[in-house]
Amino acid sequence: MADSTPLLSHCDKPAEPKRPPRSLDETIEGCIGDFGWWQFLQAILVSLAWVFDAQQTFISVFTDAEPSWHCTQGGDESVCNSLSNICELPKNSWSWDWPSQTSIISEWGLECAPSFITGLPASAFFMGCLAGGLALATLADSTLGRKNMLLFSCLMMSFSSIFTVFSPNIWIYSVLRFINGFGRATVGTCALVLSTELVGKRWRGQVGVVGFFCFTLGFLSLPVMAYVNRGSSWRTLYLWISVPTILYCILVHFLVHESPRWLFVRGRKEEAVLTLKSMAQANQSPITMSFSNVLIEQESWNVDIYSSIKILLNKRWAAKRLAAVMVGGFGIGMVYYGMPLGLGNLSVNLYLGVTLNALSELPASLITFFLIGKMKRKDSLLGFTILSGVCSVLCVVVGMVSPSLQIAMELISFFSACSAFNMSLIYTLELFPTCVRNSAISMVRQALVFGGVFSPLLVAAGRTNNFISFGVFGLVIGICGLPLVGLPETRGGTICDTMDEEEHKQNEKAAAAIATLA
């Protein structure tokens with residue numbers, strides 16, 4: 001159905017011959033180009049949200065770590081030594097290497113608490129991410145939009161971190177971590193979708209990878225901040241990552257536009273036109289085209305807040321795609337979130353280990369960035385999951401022979417999981433149309449996070465046997481990658497805006513395939 005949006009007065013061309021309806025993609029790119037400087041700056045600014053996302057995700061590696069300790073001079077050496085169980089020693093025979101406030105373990109005397117208690121804050125964070133993703137997943141597609149949802153999530157994440165500074169015990173601390181995870185759940189999804197919808201289809205893959213670079217930057221900043229504050233309270237680290245997030249939200253509010261694609265699909269055509277005019281002026285490319293023959297297919301469903309998920313589940317092809325990428329995401333998430341948490345079980349300095357893991361995200365993002373146009377999505381995703389699984393299992397085997405080989409296998413496994421993480425989001429973005437894209441990516445991210453919920457438990461159990469952690473990680477990610485085999489390849493394809501359009505494209509491909517066979 002053609003769009004009935006009135007023509008812009010300065011866009012009309014007299015006696016222009018009638019043209020066939022244009023797609024929304026062609027219209028937006030015709031107005032603002034596929035990648036101008038203003039689009040580039042906005043995409044970068046939106047992608048910076050991933051920095052704070054990474055910091056909130058992995059901060060517990062330092063704040064919840066068990067500090068090193070030493071035997072005091074007054075202790076009996078026959079009773080206290082470096083191999084002793086700290087819980088079986090008299091209190092006056094040992095002491096922490098740093099002030100007690102450097103970690104929640106030492107400040108609240110949790111060194112002998114059950115692993116369920118010490119791992120509760122990290123698990124609560126991931127459970128909050130899961131709950132927040134389910135509760136907030138469709139708001140960016142339905143009522144709030146991409147930009148407002150990003151602002152809401154970042155502010156909720158920031159203020160909950162500030163309140164975390166005043167936690168009196170581990171129970172309040174865990175509740176606040178749950179709230180923090182609840183707010184954080186949609187940050188990456190909204191940043192990814194908004195940044196890619198602000199540019200042309202030629203640059204969507206590269207712009208999507210910019211967010212992964214920013215996530216790496218946030219991850220890499222954590223060991224630096226933790227090392228600078230290594231003698232200070234763990235509460236200081238939360239302040240360092242929460243205050244800049246508020247400043248970031250102010251910049252986004254004033255400098256970033258809402259997605260014109262989302263505005264068009266939601267029927268807010270006047271706002272979409274104003275947004276395109278503003279972006280075109282910033283790119284110094286004034287609009288010279290009419291909006292009267294834009295083809296915007298309207299969905300045949302009544303939209304409510306959870307309609308996106310209902311649509312995905314009611315359509316067989318959409319449910320099949322969603323199930324496959326979510327199963328794969330579960331395995332990827334277990335390894336991706338579990339590997340950094342498990343570094344304390346390996347014979348490596350914690351600051352060095354986290355730094356190496358963060359640095360391994362950089363080549364993963366670089367490979368995705370430079371080869372995204374050449375890499376087949378499905379085959380690459382399958383390859384990365386298999387490689388990660390094999391190296392994770394080898395991490396257990398070679399650990400009995402060489403600690404150096406063990407950390408090497410851990411880094412390769414984590415690098416592969418990072419690459420699979422990046423590719424899974426890009427792949428999902430291309431598998432689903434605009435009307436449900438944000439919801440689909442949110443569901444996949446929840447599957448990633450759901451895998452992360454089990455990671456702290458496996459890491460705690462793996463302190464005595466690494467196979468329970470790294471071995472299980474490898475088996476799960478390898479098996480969960482198998483359902484991806486049945487999905488279509490999306491490289492170089494056109495991104496659709498509606499479910500009807502996607503079905504029409506599938507029918508055309510099926511007809512073409514039948515004609516070829518005939």
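Just so it is clear, glycine is given a Cβ too, placed from its N, Cα and C backbone atoms.
Quantities reported herein were computed from a predicted structural model and do not represent experimental measurements.
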Give the range, chosen from 34-51, 178-195, that TrEMBL lists as transmembrane segment.
178-195
Any contact, the transmembrane segment (116-137) to the transmembrane segment (237-256), with at least 3 Cβ pairs under 8 A:
no
Between the stretches 237-256, 351-372, 381-401, which one has more Cβ pairs under 8 Å with the transmembrane segment (207-225) than any other?
351-372
Of 149-172, 178-195, 322-339, 351-372, 467-485, whichever stretch has the most CB pairs under 8 A to the transmembrane segment (381-401):
467-485
Relative to the transmembrane segment (467-485), which of 149-172, 178-195, 237-256, 322-339, 351-372 accounts for the most Cβ pairs at distances under 8 Å?
322-339
Long-range environment of the transmembrane segment (237-256) - Cβ separation under 8 angstroms, sequence gap at least 6:
42, 45-46, 48-49, 52, 55-56, 59, 62-63, 147, 150-151, 154-155, 157-159, 161-162, 164-165, 194, 225-226, 229
Mind checking which residues reach the transmembrane segment (351-372)? Cβ under 8 Å, same chain, six or more beyond either end.
58, 61-62, 205-206, 208-210, 212-213, 215-216, 219-220, 222-223, 226-227, 339-340, 343, 407, 411, 414-416, 418-419, 422-423, 426
